[in-house]
Amino acid sequence: MGFQIAIDGPAASGKSTVARLLAEKLGFDHLNTGATYRSVAVYLHERGFSPFSAEKEIENALKDLKIDYVNGRVYINGEDYTEKIQSPEAGVLASNFARLEVVRRHLVRIQREICDDKNIVVEGRDIGTVVLPNAHLKIFLTASLEARVERKLKEYQKRGLKVTKEEVERELISRDEQDSKRNVAPLKPAEDAVIIDTTSMSVEEVLDRILKLVRERMNT
């Protein structure tokens, strides 16, 4: 079994940036589980499904689904979905479909297969509690809503997306509510997770804190 690091937290808490850079520094693999949820949500939406579709129909649609996560890009049945999942709409779709047990069950199995026997940094919303409950190190990143809105707004603007600060705030509030109140695998820190508030921390400071924890765990 490899050394597994779980990084959870709400949208725009810094998970993706920290997880990617941490994996690079350690020479570990990296898995963004949110990208797998967004890809599957867009895939299902493209085929006319909604979160209110019959569970059996969704299950049949997922049965032969093959997901590959290679160098930060997500492929479904060989088709690159990476660009399709960058919009705010894809994030909302992911939160809606992620409430369905049939979707989570299917993706958790795939995510565990990807992580099996690897030194890996995995980011998401239920990694430490559901996907990798035995991870060697569990981190839960959090930040104020104001800080997260600013980060998400900059991210969208960098991609050339025209969104207002108010729209981003509404999106994050909605996603927070859906993620924390869903019946299946709600967003919450694992009991043994280290909680880090990144509101006033730089990326480098967060990385240094986690790297110190990694070294401590590896030496025990």
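Heads up, the Cβ atoms here are built off N, Cα and C, so glycines get one too.
Applying an 8 A CB threshold to same-chain residues 6+ apart, the list for SER13 (ATP binding site) reads LEU141, THR142, ALA143, ARG148, THR198. The ATP binding site annotation in Swiss-Prot covers GLY9, PRO10, ALA11, ALA12, SER13, GLY14, LYS15, SER16, THR17.
Counting other Cβ atoms within 10 Å of each Cβ, the binding-site residues ALA11, THR17 show the lowest value at THR17. Other residues of the chain with a Cβ within 8 Å of the Cβ centroid of GLY9, PRO10, ALA11, ALA12, SER13, GLY14, LYS15, SER16, THR17, the ATP site, are VAL18, GLU123, LEU141, ALA143, ARG148, ARG151, THR198. Long-range Cβ neighbours of LYS15 (ATP binding site) (same chain, at least 6 residues apart, Cβ-Cβ under 8 Å): ILE7, ASP8, GLY9, GLY34, GLU123, GLY124, LEU141. In the three-state DSSP assignment, the secondary structure recorded for GLY9 (ATP binding site) is coil.
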